[in-house]
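Below is one structure; the comments refer to it alone.
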Amino acid sequence: MASIPYRLMEEEAESSLSSSKEESSPVDAVLFVGMSLVLGIASRHLLRGTRVPYTVALLVIGIALGSLEYGTHHNLGKVGHGIRIWNDIDPELLLAVFLPALLFESSFSMEVHQIKRCLGQMVLLAGPGVLISTFCLGSLVKLTFPYDWDWKTSLLLGGLLSATDPVAVVALLKELGASKKLSTVIEGESLMNDGTAIVVFQLFLKMVLGHSSDWSSIIKFLVKVALGAVGIGLAFGIASVLWLRFIFNDTIIEITLTIAVSYFAYYTAQEWADASGVLTVMTLGMFYAAFARTAFKGDSQKSLHHFWEMVAYIANTLIFILSGVVIAEGILDSDKIAYQGNSWGFLFLLYFYIQLSRCVVVGVLFPLLCRAGYGLDWKEAIILVWSGLRGAVALALSLSVKQSSGNSFLSTETGTLFIFFTGGIVFLTLIVNGSTTQFVLRLLRMDGLPATKKRILEYTKYEMLNKALQAFQNLGDDEELGPADWSTVQNYISSLKDSEGELVHPHNGSKTENLDPKSLKDIRIRFLNGVQSAYWEMLDEGRISENTANILMQSVDEALDRVSTESLCDWKGLKPHVKFPSYYNFLHSKIIPRKLVTYFAVERLESACYISAAFLRAHTIAQQQLFDFLGESNIGSIVINESKREGEAAKEFLENVRSSLPQVLRVVKTKQVTHSVLNHLLDYIQNLEKIGLLEEKEIAHLHDAVQTGLKKLLRNPPMIKLPKLSDMITSHPLSVALPSAICEPLKHSKKEPMKLRGVTLYKEGSKPNGVWLIFDGIVKWKSKSLSNNHSLHPTFSHGSTLGLYEVLTGKPYMCDMITDSMVLCVFIDSEKILSILQSDSTVDDFLWQESALVLLKLLRPQIFEKVAMQELRALVSAESPKLTTYVSGESIEINYNNVGLLLEGFVKPVGIQEELIASPAALLPFNGNQSFHNSSEASVD
């Protein structure tokens, strides 16, 4: 009779189990996702303003859910079934679902310049640091833990626990608001560390499972996994960024492309190439941060930012709650408990070992970390040690060990212990380190505002109160409702209640001879931030291209690094992009086609004009904003004056372009105006839609029409058209004297008339072999024999004929002639010039007169250097000069206010004991009229 109730109970249990299976559904997994998000929303809402990190709360919630499910035998019903579905997912699938999105969001949001500066520190911590940590932990586990593990198994656990989880670290840093420099180092290290630790883990796991390995195979494996990942990430980055350039104002496609490429790159590396998917996505995200950040403009950039923030929030919520479930399941599931009570003691000992190994890593590398990047002080080193959190990545790796256990190489008990220890460490690091990092920051006084920022904050609050009073005066009274009560309004402006005292300027009392360096540094940083903000605005307006914006942003980042030791110096980073680089001289060789060289040179010059104009505009905007904010301030005036000095070089460059190739500036301005007009039309259409005067279909039609214009401007912009060679030759004054037999071959010449900056046309003292006709551009002269000390602008511009005097006289060239900008010019052989003299004597006077124009600028720069060549030619023509030949002993009279040019021969001033004057020379009267005795046959113009 005793067996009947037992059978009845067994049948009831079986029927209840079968009914629960029938009621369960795979769709229950969706219930877990929804419930996790609701719990995450509630946690974030309730914990806002507290010191408890959001991620810690999620882990505790996950542990609670897992404890209820695995400790109470299915009492959670469908929710419990959903928990089990997620918990039973393959760990590699778990990583493939969450990691690409989280890693891409984290690496894409990092600043490129910060990454470059901190890259050395990241590599040290993620490379040697991981190896040191692995061997420290492995050795301590092998020597002190009672599980008879061999060295390979101990090092496997050490490598598994050496991964500081980027998901946990990044989430914590964003909540705590750590300094940008420290956040970059810790976040970048966690991203790289995660990739290298997974590689080390995979290496030791293969060794534990009996795969043969020697040093050559290990090195081959590491190179393939690491370098292969970087290569795949760069390949996907380049391909997708090029694709982005063909997508025009389509936010949905742009965002979808970033999702697709991050997951596809991870899968390609992890599954097809046997490389590190983590390092691949990290490389991809950093490549996007470097080269694609400016590809997303205006609303697209905001949408992308908000989208990836939302994705990261959802993924973080799910992964931390799921991590808590995995920890609870590993501890409470009776089928998997294979350890004794003393394992809890060894868990706490392992936590101590992890902190100790982290101290060893930072301590050993500290001398190098101090010298790399921005450096590292002892306070930051403490935070670096304490922020070594472990998370979902380590848990997923431990689940992989569990799946691989149950054989002669790795026992089931060892696999279970790996889950237990890893889950415990994840819990302890998040609960202990994560919860107390804010306290450590406060203890080290790293979370407060410095005095300079506090003064700016109080000053801003006072200004806000004035703005509030102005707004109240404008809004406080109207015809319909009458006046408002200011005292009631003031009660709702809680942040300004302490600002009703006397206005205290943040730089009050500062004198020029006793400036506060910290305040000066702070204002420089704020000014440069304003410059960078102006660049973003110009990018949205279409004033600058993506490439130009990247160059300008980088110059500001570099200047921000030097604000403590130098004045504003963002122009320093732009100089290499404004001047022609040295390799352009190679392009000028005969190997490269002339038209291709011209194309690249003109493009380079156009880019330099964009950069210079944007620089001046951004600095002008930032100067006005700083003055409006601070008013009269010694420090503000110093920074504004530094900015004005920086802009002088940009103004000079644009003036040179305006005088040499004005068509370049015209095209640049045309592009900017076209883009501004089209944007204005878009704003007008949107305003009509807002006020309800146009219907949706009409709006779509007009919007598409304007977008077509913008797309056309982007893909077929107005090009710089250099004048035709035939037109340039015809417009030059010397062409009047040249017969058609000489002009026509020049007009149809295939030689490229363009010379880059820094090209030497001829050298002083060399034999004259021809004449240079300058059509556009600036040519600079310098001479050892001629005195050009009084010359501030020793240049020749369009309309000049260089080398003509030397060809006519047969004398060596008088000076070096070097192009000082991009120059359009043509060379005429000396034999052709001399043949004109022999065939047509009427041209003789004209050629000598033309050569005299250059001589006036060379011999009397203090009088004629600022006179344009066209004006000087007109001045000389108006005086009707004559070429006169004098015999030896004949007197030469130079009237007052006249200038004589000695073209050939020697003369001696009358009444002055001086040596003979040799040609070429300028003959000037000293007082009144001046006479010269000719000492040989001479020609004077």
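Cβ from N, Cα, C; glycine included.
Note that this is a predicted model, so its numbers are computed, not measured.
Annotated features in TrEMBL:
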type	residues	note
TRANSMEM	29-47	transmembrane segment
TRANSMEM	54-73	transmembrane segment
TRANSMEM	93-110	transmembrane segment
TRANSMEM	122-141	transmembrane segment
TRANSMEM	153-173	transmembrane segment
TRANSMEM	225-244	transmembrane segment
TRANSMEM	251-269	transmembrane segment
TRANSMEM	275-296	transmembrane segment
TRANSMEM	308-332	transmembrane segment
TRANSMEM	344-369	transmembrane segment
TRANSMEM	381-399	transmembrane segment
TRANSMEM	419-444	transmembrane segment
DOMAIN	758-837	domain 'Cyclic nucleotide-binding'
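Averaged across the domain 'Cyclic nucleotide-binding' (758-837), the predicted model reaches a pLDDT of 83. As a summary of secondary structure, the domain 'Cyclic nucleotide-binding' (758-837) carries 14 helix, 29 strand, 37 coil according to DSSP. Ranked by number of Cβ pairs under 8 Å to the transmembrane segment (54-73), the listed stretches 29-47, 93-110, 275-296, 308-332, 344-369 are led by 308-332. The transmembrane segment (275-296) makes no contact with the transmembrane segment (308-332): fewer than 3 of their CB pairs lie within 8 A, with pairs spaced 6 or more apart in sequence.
The stretch in 93-110, 251-269, 344-369, 419-444 that contributes the largest number of Cβ pairs under 8 Å to the transmembrane segment (381-399) is 419-444.
Long-range contacts of the transmembrane segment (29-47) within the same chain: residues 54, 57-58, 61, 78-79, 82-83, 85-86, 313-314, 317-318, 321-322, each at least 6 residues beyond the stretch ends and with a Cβ under 8 Å from a Cβ of the stretch. Contact count against the transmembrane segment (344-369) (Cβ pairs under 8 Å) is highest for 419-444, out of 93-110, 225-244, 251-269, 419-444. Proximity of distant same-chain residues to the transmembrane segment (251-269), defined by a Cβ-Cβ separation under 8 Å and at least 6 residues beyond the stretch ends, is recorded for 96, 99-101, 103-104, 108, 228-229, 232-233, 236-237, 240, 243-244, 275-281, 284-285, 288, 295-296, 299-300, 303-304, 307-308. Residues 166-167, 170, 184, 187-188, 191, 258-259, 262-263, 265-267, 270, 277-278, 281-282, 284-286, 288-289, 308-309, 311-312, 315-316, 318-319, 322, 392-393, 396, 399 of the same chain, all 6+ positions outside the transmembrane segment (93-110), place their C-beta atoms under 8 angstroms from a C-beta of that stretch.
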